[in-house]
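Pulled from TrEMBL:
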DOMAIN    266-342  domain 'Ricin B lectin'
DOMAIN    353-406  domain 'Ricin B lectin'
Amino acid sequence: MRRYIAYSLALLSGVFLLSCGEMDDTYDEFIEDGEIVYSGRPSQFTAHSGNNRMVLSFYLVPDPKIIRAKILWRNPELPSGTNPLPGQRNPGKDSVEIEIRPNLVNNYHELGISNLLEGIYTFEMYTFDKNGNSSIRTETIGEVFGEVFRSSIVNRPLERVVHYKQFNNPDSDLDFEWLGAAKTIVAVDIKYTNTAGVERVHRDTKVVVVENRPPVFLSRTIVPKYKLGTSVQYRTGFLPNTMAADTFWTDYKPIAAVQEDRMIRPGIYKIIARHSGKTLKMRSNSTSANGQVEQNVYDNLFSSQWRIQYNPEGNVVIKNLNSSMDMAVAGGATADGTNIQQILPVATDTYDEWIIEAADAGKKYFRLKNKKTGKVAGVQSASTANGQSVQQQTLVASATHQQFEFEFVQSID
């Protein structure tokens, strides 16, 4: 048995040696002139979509012997019935070579290839050292965009543009109220003339609203110091994909007319009675329906702050920031002396809606006129005392207890 095992091992060893010898013979034909040497291969070879061009980026390995790189691809045939691009590259195989300077080694590098037709391209890249050795092929795929993509994009949809005559300063504001934004939109440019007569472009971009969440476009854009009566137009910029190098813009679209004039723009405010200098707040910081609105010293609590917003009809809804309930005339009664309370929103009536009207030429003070009753809010008996109720009253033009200043606290989206 031992002889058999020894004989078998010897036989296997012979076979192994013979096989190795055969493998060496096969390999020798590939290294007959010496061992194959490759130049350093680029890394992170990436194609960035552009406007009838492609931007290629890559990093070079730390190999100071690299002296040049070559990129190859194939250009498509011009589609029948289409006009060639200015300077369009010839169809078929194409290539570019770039010199690699020592300071580029191990550094990020970009190369733009222009005059390309729209379509998907495969790019191959090789580097070469001073001895003529090339790298192993590196490949990337990308899409070139152009007029076909541009013709498919449209401006961000706009619901309305509101002009604010007054925002506690002499300047006018434009409020753009948007409907939504496609994921590929990256910017909106608004071209307008400011109160100094200078044409400006306001660029709107995405912002981070929630920490650790992707940035988004807000539903409103405020353009300050707009000169009333001058033209306003806007355009929208798109990136066809997240790796794109170029932004595609729509044409500027003129806004036919500012749709509405308003006195106060949406936001959170203190509402201050002119005659007393005291603020409107919820009595006892109430969060209950039918809680009473009163005047009192400002205490920096949410119950002393009010959210001004507009409903689709353009009327003002005034919500207490503490309770999120609407300021309203109690029960919708039309009698003088009816209390101003907070209530849950009313879907079928308008006694929780208000019209804000200027009370003085400088538009510093305003009246709150109820949409349903046509009467205004005023402090009971024109009192300056803390805790005095706010009631519905017949308008008296000279009555300062029926006039209020809106002091801005913060904006809302």
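A Cβ is built for glycine as well, from the same backbone N, Cα and C atoms used for every other residue.
Note: TrEMBL annotation is automatic and uncurated.
In the predicted structure, the domain 'Ricin B lectin' (353-406) carries a mean pLDDT of 95. According to DSSP, the secondary structure content of the domain 'Ricin B lectin' (266-342) in residues is 9 helix, 35 strand, 33 coil.
Residues in the domain 'Ricin B lectin' (353-406) partition by DSSP class (helix H, G, I; strand E, B; coil) as 6 helix, 22 strand, 26 coil.
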